[in-house]
């Protein structure tokens, strides 16, 4: 177990190093890319460009600039924005993490619970009207873009029907810290949770249904039937456990990506200043320090999520424990 953890940690360091080098080289070493010119603005004089290069350290060799940037991100934590001088990047990322984690964790709980129920019911009632209805609803959820659904939800809850008894409890767009106002934190995130979860409920419900149906054809299921086990116990105790392997694989990838900033559209629509919104603003301004910090954060979470998935595999499939 210790060896597996150390191996995963080494893989994480390697991935983060590779990604950081790629991002850095795209920003600095691309032909025609001059960060000093972008910072100084159009029609800047050569004297101004030289002053900007010296001020930001762009006149140093690339390996020196890269080393200093990594040191300021991971050691001293005092890396500042190229666009807003004096704005420290690491504290800005740390302030955005609770927003994104709150959004993604809540939505993940919702879509996992609901999609497991849908997948089990659809597989148990295969080819019935209920199965077809659930799959049609799942396809509908997949088909709706999250930004469009978010705007519709805002139109209903913030404008058209906000004064009705059904939605009068919905607070204005934004985020409230859990430590300051737990109830306000929950209320501000209910609608974003539902909006983000609807897409994944459809995907995960269909994936789990297909996996359960496939598992029900396996030899160990026939053995369980021969032993006289009930269909309900076979489905919930044996087929579901095997089918969750595909479910967990998909969850690890999606969860890691969302926590890393892929929930951007949901954050923008609902006024949540999380990692996705921070990355989006940095890309618009070509702010390399902020881009680098958010990319490092995202890659770390993706690798950690995949490592957790591997350990969950071991819990779900006893055959993997020996290896």
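Keep in mind that glycine also has a Cβ here, set from the backbone N, Cα and C atoms.
Feature annotation from TrEMBL assigns transmembrane segment to 12-30 (among others).
Within the chain, the transmembrane segment (97-121) has long-range Cβ neighbours (under 8 A, six or more residues past its boundaries) at 130-131, 134, 138, 175, 177-178, 185, 189, 192-194, 196-198, 200-209, 211-212, 235-236, 240, 243, 247, 251, 255, 258-259, 261, 263, 266-267, 272-276, 297. The feature transmembrane segment is assigned by TrEMBL to 97-121 (among others).
Residues or ranges marked as domain 'ABC transmembrane type-1' by TrEMBL: 97-313.
Counting same-chain residues at least six beyond the ends of the transmembrane segment (133-150), those with a Cβ under 8 angstroms from any Cβ of the stretch are 118, 121-122, 192, 195-196, 198-199, 201-203, 205-206, 209, 265-266, 268-270. What TrEMBL lists as transmembrane segment is 133-150 (among others).
Look at TrEMBL and you will find 185-207 (among others) tagged as transmembrane segment.
Among the features that TrEMBL reports, transmembrane segment is placed at 244-270 (among others). Sequence-remote contacts of a segment are chain residues at least 6 beyond its ends whose Cβ falls under 8 Å from one of its Cβ atoms, and for the transmembrane segment (244-270) they are 99-101, 103-104, 107-108, 112, 116, 119, 145-147, 150-151, 154, 173, 191-192, 195-196, 200, 203-204, 207-208, 211, 276-280, 294, 297-299, 301-306, 308-309, 312-313, 316-317.
When Cβ-Cβ distances below 8 Å are used as the criterion, the transmembrane segment (290-316) is approached by residues 4, 8, 11-12, 15-16, 19-20, 23-24, 27, 69, 73, 79, 81, 83, 89-90, 92-93, 97, 241-242, 244-245, 248-249, 251-253, 255-257, 259-261, 275, 278-279, 281-283 of the same chain, each at least six residues removed from its ends. Marked as transmembrane segment by TrEMBL: 290-316 (among others).
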(request) Could you give the residue numbers and ranges of same-chain residues that sit at least 6 residues beyond the transmembrane segment (185-207) on either side and whose C-beta is under 8 angstroms from one of its C-beta atoms? (result) 102-104, 106-108, 110-112, 114-116, 118-119, 122, 134-135, 137-142, 144, 146, 149-150, 153-154, 157, 169-171, 173-178, 246-247, 250-251, 254, 258, 263, 266, 269-270, 272
